[in-house]
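> One structure, pasted below without further comment.
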Amino acid sequence: MDIRAAEISAILKDQIKNFGKEAEVSEVGQVLSVGDGIARVYGLDNVQAGEMVEFPGGIRGMALNLESDNVGVVIFGSDRDIKEGDTVKRTGAIVDVPVGPELLGRVVDALGNPIDGKGPINATRRSRVDVKAPGIIPRKSVHEPMSTGLKAIDALIPVGRGQRELVIGDRQTGKTAILLDAFLNQKAIHDNGPEGEKLYCVYVAVGQKRSTVAQFVKVLEERGALKYSIIIAATASDPAPMQFLAPFAGCAMGEYFRDNGMHALIGYDDLSKQAVSYRQMSLLLRRPPGREAYPGDVFYLHSRLLERAAKMNDDKGAGSLTALPVIETQGNDVSAFIPTNVISITDGQIFLETDLFYQGIRPAVNVGLSVSRVGSSAQIKAMKQVAGSIKGELAQYREMAAFAQFGSDLDAATQRLLNRGARLTELLKQPQFSPLKTEEQVAVIFAGVNGYLDKLPVAQVGKFEQGLLSYLRSEGSAILDAIRTEKAISDDTKGKLTAALDSFAKSFQ
């Protein structure tokens, strides 16, 4: 048989040329032990911290503990179907989520998968969940107002775009209600405001009941606010890693708007539950516990998350991400570990009290303990003009009210101060789902600090406010427009507003 070398080499070359590239090299390891949502894996020598790994059946996990002989992996899902000896595959990707405007109006889990039954999300961009916060140079100091629509907050504890303002209080004091009202208040700007002022909303529900999240979504949908909102839900029945990851996923989605010259508002509801799930993961991974059994890096967990809320400078597109983290206290104890941590990280706190809530002062904001470290730079001039005096008067009222309980014979000046304070406190009450535009708040507070309420019985203040708003919307719309466009109360506007108030006060019975 005649073998020709040239023919053989031609055949071999042909075979090599058409050789399929189906062979795929992937680094695999084996499960040594699994339980409580944690798997110990042997053999993933080159895995990165925070990398996604894949178990049989498509279940995903994240490598957190990189030890000399094994890797501690937290599992995003049920660990029931994973058993000892299973192969674990590296994906080569750090945990990321879809981002972009395609997510608006949707409810997703902590990995960005839709859970609202409205079909897939066709997002083209993805972003890592845990990225470094912007440095000092790309930032700009907070100077634009982020209006919540609540008089007590916008006048006394103003929040600016790019600020982190903590909402803290016991259970059932209206913390989520403040977030919800802030979201609903953005509707007017979205419907007919300039593109550059629109504020996109992101709500992260951590460890909440599903019914609570469903109710939140329902209210947003009914009031037309879901179209500019993204909901990330890691409910109480979800595994701890999902609850730990959800705030970071939500932050990545909010950062898309910040980095593209837009504005976003994110509410984390709440970070106490995220800390608890992180503690659970850390203890199961055998990391050493610290105070209240939390791991040593629980401060870093929250600081690296909240530092990502920022106001960018003009070179970076002037976008912003405003954060409203929520912390639940036990018995008004703000000196516990997690509350003190988050208070020290944020730029101020809105402190809600059970006693005020049951007295009917809602939103139940304790104005004495609440503070905004950005202050009046996050207010328009018109609001500064009226809110400056209300702060002082309420502070004096709180001081006097404590002493007034003991003595009955009060001089006229003290009596006047107490009367004014009681009426201003009444004026700051506001029913849920009824946020006010800034110009309407300015007009109402102007009436309060200029003595228009002093002659009224306290019980009539709410009725007077409703009547005044209706009157201004119909008869005095030019005054409201002037306050909105000029962003200040000029002498001319002040004269017109005073005349309108005089006219309304005469007719009010």
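Including glycine, each Cβ sits where the backbone N, Cα and C put it.
Just lifted these from Swiss-Prot, have a look:
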type	residues	note
BINDING	GLY169, ASP170, ARG171, GLN172, THR173, GLY174, LYS175, THR176	ATP binding site
SITE	SER370	site 'Required for activity'
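I would like each feature placed in context: is it buried or exposed, what are its neighbours, and how far apart are things?
In sequence order, VAL167, ILE168, GLY169, ASP269, ASP270, VAL326, GLU328, LEU352 make up the list of same-chain residues 6 or more apart from LYS175 (ATP binding site) whose Cβ falls under 8 Å from its Cβ.
SER370 (site 'Required for activity') counts 21 other C-beta atoms within 10 Å of its own C-beta, drawing on all protein chains shown.
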> Within 8 Å of the centroid of the Cβ atoms of GLY169, ASP170, ARG171, GLN172, THR173, GLY174, LYS175, THR176, which other residues of that chain place their own Cβ, given that this set defines the recorded ATP site?
GLU328, LEU352, THR354, PHE357, ALA364
> So, in DSSP terms, is THR176 (ATP binding site) helix, strand, or coil?
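Note: THR176 (ATP binding site) is helical by DSSP.
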> For SER370 (site 'Required for activity') and ARG171 (ATP binding site), determine the Cα separation and express it in whole Å.
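It is 17 Å, counting Cα to Cα.
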> Relative to the Cβ of GLN172 (ATP binding site), which residues of the same chain, six or more apart in sequence, are found under 8 Å away?
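Long-range Cβ contacts: THR354, PHE357.
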> Within 10 angstroms of the C-beta of THR173 (ATP binding site), what count of other C-beta atoms is obtained when all protein chains are considered?
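A 10 Å sphere around the Cβ of THR173 (ATP binding site) contains 26 other Cβ atoms.
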